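What follows is a single structure, written as structure tokens, with notes after it.
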Amino acid sequence: MDFSSTVASQLNAGVILPEGLVIITLMVVLVGDIILGRNASRQLSYVAIAGLLGSVVALYFQWDNSQTIGFLGGFNGDNLSIVFRGTIVLSTAFTILMSIRYIQQSGTALAEFVSILLTATLGAMFLCGANDLVMIFLSLETLSISSYLLTGYTKRDPRSNEAALKYLLIGAASSAIFLYGVSLLYGLSGGEIRLDAIAAQLTDLSSGQSLGVAIALVFAIAGIAFKISAVPFHQWTPDVYEGSPTPVVAFLSVGSKAAGFALAIRLLVTVFGQVTPEWQFIFTALAVLSMILGNVVALAQTSMKRMLAYSSIAQAGFVMIGLVAGSDDGYASMVFYLFIYLFMNLGAFTCVILFSLRTGTDQIAEYSGLYQKDPLLTLALSICLLSLGGIPPLAGFFGKIYLFWVGWQAGLYGLVLLGLVTSVVSIYYYIRVVKMMVVKEPHEMSDTVKNYPPIRWNLPGMRPLQVGLVLSLVATTLAGILSNPLFNLANSSISNSSVFQTASTPVILSESIINRQSLSE
Amino acid sequence: MLSAFILLPVLGAILISLVPNTNPNQNRPRIIALLFGGVILLWNVILGFQFDPSQTAMQFTEYIPWISWLGFNYHLGLDGLSLPLLFLNSFLTLIAIYSSNVNIQRPRFYYALILLLSTGVAGAFLAQDLLLFFLFYELEIIPLYFLIAIWGGGRRTYAAMKFLIYTALSGILVLAAFLGLVWFSGASTFDYEPLREQVIPLGIQLWLLAALLVGLLIKIPIFPFHTWLPDAHVEASTPVSVLLAGVLLKLGTYGLLRFGVGLFFEAWITLAPWLATLAAISALYGAFAAIAQQDMKKVVAYSSIAHMAYVLLAASASTPLALTAAMFQMISHGLISALLFLLVGVVYKKTGTRDVNVLRGLLNPEKGLPIIGSLMILGVMASAGIPGMVGFIAEFLVFRAAFPIFPLQTLVCLVGTGLTAVYFLLMINKVFFGRLTESLSQLPQVDWGDRIPAIILALFIVILGLQPSWMVRWSETDATALVVSPSLLSQVAQAPDQALSLGDELSMNVLPSRSGNN
């Protein structure tokens, strides 16, 4: 770093402009809620969406910024972080769209919900760019604590309370473990907190450091795996997903997960570059377990939200293939998949919310015969689920092909084959829902669907849901066919990122592949 | 130009789904579907006239870069292997739409799905990019799943799910083989033509080919991967059965020729004896299983398994003549099985049963179904390989081409052909001859609408049987080009000392075609 420059340029505060916009929006929502009262809460959520979109615009203008390091190395706003922050902001905007009606119907305050959600978004965004240990931990905790609050937001629902408590206990434990791992890093590097400085200190692993680094690695991975709900750190997922308000689940499954993956890439590649074979081995195991357990257990679910919970575990398993591949293409495929996953998963959750708003249930069996009463919902949910299952020419197909192709190139034949086989399994449980909705004859219609209320989009808070539904439907259908720009975006976000300039040289990669092969033999 | 085969059906499907539900004219979806089916068929005929069969290169190619990072391009092309199958697809799609029940439930969804199915199949036949083929190969699964699951018989959900799982499994095996091929060959794209010159070690080739084969054999289907087919056929409605047997199964055999023979020729030759043996087993198995069936549709379904095995036999012989024979057998089976399924459908519609033990004397000229019965006899004769019909030419070509290379397996398959006559005669004898039972004597009238598609199919069967060169001329050149691969030729050129053995192989491959065609 250039120490002769002024303090202002060292701070380089402009790099967190998108976060700044989110903070301002948060303030506006908070203060506006106090001044205007409950009647204005719907308008305030539109303000929040506008602020988030403004933040996306700010992110767009920061693309390819030459000065990416801000706050004396505390924050790194490179292209990689921009892509992840963009994904998170978009997922929050979507979540607000779908939560307006849901939260109002549950009888709780909407503006508070939006402000907590914005805080969680802020934490997740900072996490994507965090470049030192303190920053990582602070933003991680901001995200986590807001998530606990959101999980328990519907206070009168005992299941929501149960979910919040479970999430809090397990989350706090995993934070503690993560913090312990981070503190080991601090000690081993001789008191460094910046990731690249730590990496520079950890070059020589022969002198007793290696055991410490290994323990730090395992502890850090435990924290990350909790965030991305990889098996065996997934136990909270089904219960939390089932109990919490559905928009929160949507955010947790996309926004929070994206932040977890961003943290994984940055921490593992920068700090643990020396022990790449080890962490790749651990993530191979996590990916294998996640794909198998997520897909197999999802088969047996009767509740839509639980099924989507296990499916999100399985999807995280697929994404980990890109992480294990460890090449630039691998990270790009993760970015691409997460971006596509944003639309299809949030689309699916929008449909689930819409259905439960109209009928009050989320049992899969209750969906039977829905096509007769609500064709749009049936179409959107079918498209999103089929896309999650990787059926061409929907977006998910392209995402999966890219992940598998990259995995194959990195020599992860077993992992890719497992991914292929488990995606067949996943088609089975996704199509089961589609079958319920589309195939069932009128006389097999469930009672819920028989009493389906007439479709009225003009109720307060329904328009945003409709917008979200149509947007995700269009995006899921077309993002695959028109995916070349997205591919370019994902790839350039990786190739222009400073993280990979030093750490992941091809030599390490090829060594890691050899090592892994010798391990598996 | 070729994109029309992909875009037109999609456009038609969208138009159909836009027809308002409250429209009093419930026939409108059907009319739109017929219109689009007709236009596609017409377009196909026009293309057929412009097609130059003497060229080996792909014609009418279209190339649009799609996803550059994957090396995945939208690349279509037409050659002598795809043109007849493309025609079969357009033709049978129109027939399936026409012969669908006029008062079918949920007509908009039904006709839209049939058109989407047509898109998937046409796209797979036209794709010149491995991933594009896979995309269309998978695309066809979901429409067909719904077509079986919604408009099928009693156990339709089970049959549809079984179909879905088998086909999805087949798809990922094909994908794994493609990924492996491109990775090991070091190619930068999934484009078909450049990959034909790959030089991968034989051991890896064998693995890749094995994955591809299992995937495609499920689709064809060949014993022991066949169990989904009888279920799917029995539960599917008549038009869907026609499409399933007529074109969907051809995706598997087309894949064998295009990708198995075309991309892995060396490994293919190594595995060929085993494939021929498998074909023989499958032919016998299909024939014996067909003898045991009581349901007319199951008889035809098992006969499909037996007849598709001849395609595998011919493909495993992999001489130019044999590949032409394989193409001919595909078309012949497509026409014949479509005809048989149509007729079984008419019988079922009129009598309410397909049980061969219940039906009797349907050929009765006054109260029975004489014209349907006569067409059935014609179809059965064609299937059993009676001279003068397309089945005879196809089977003769197959056996003529395969016999010099796999004599034993060919003889076993010949026995299978003999058994075709047995099971079909058993069926015909029970169903159409004898006295018409009292319970069946009040059959509703068969109107011409039910007969016309069957008569058209029967005409094709007879015409191609009398004039086989009209069919052979399309595929001959390309079948030769497929076997005499560029790498083989270049090997001969580069290593003159080995040219003797390779030259032998070449002449063995090429000569039978000359003798066969003279």
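Using N, Cα and C of the backbone, Cβ positions are placed for all residues, glycine too.
Keep in mind that TrEMBL annotations are predicted by a computer and have not been checked by a curator.
According to TrEMBL, the protein carries these features:
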- B:127-420: domain 'NADH:quinone oxidoreductase/Mrp antiporter transmembrane' (DOMAIN)
- B:6-24: transmembrane segment (TRANSMEM)
- B:31-51: transmembrane segment (TRANSMEM)
- B:71-97: transmembrane segment (TRANSMEM)
- B:109-127: transmembrane segment (TRANSMEM)
- B:133-151: transmembrane segment (TRANSMEM)
- B:163-184: transmembrane segment (TRANSMEM)
- B:204-229: transmembrane segment (TRANSMEM)
- B:271-292: transmembrane segment (TRANSMEM)
- B:299-318: transmembrane segment (TRANSMEM)
- B:330-348: transmembrane segment (TRANSMEM)
- B:369-394: transmembrane segment (TRANSMEM)
- B:406-428: transmembrane segment (TRANSMEM)
Contact call for the transmembrane segment (B:330-348) against the transmembrane segment (B:71-97), three or more Cβ pairs under 8 Å
yes
Proximity of the transmembrane segment (B:204-229) to the transmembrane segment (B:299-318), 3+ C-beta pairs under 8 angstroms
yes
Six or more residues out from either end of the transmembrane segment (B:31-51), which same-chain residues have a Cβ under 8 Å from its Cβ atoms?
1-2, 4-5, 8-9, 11-12, 15-16, 19, 59-60, 78, 83, 86-87, 90-91, 93-94, 97-98, 111, 114-115, 118, 474
Positions whose Cβ lies under 8 angstroms from the transmembrane segment (B:6-24), at least six residues beyond its ends:
32-33, 35-36, 39-40, 43, 76, 108-109, 111-113, 115-116, 118-119, 122-123, 126
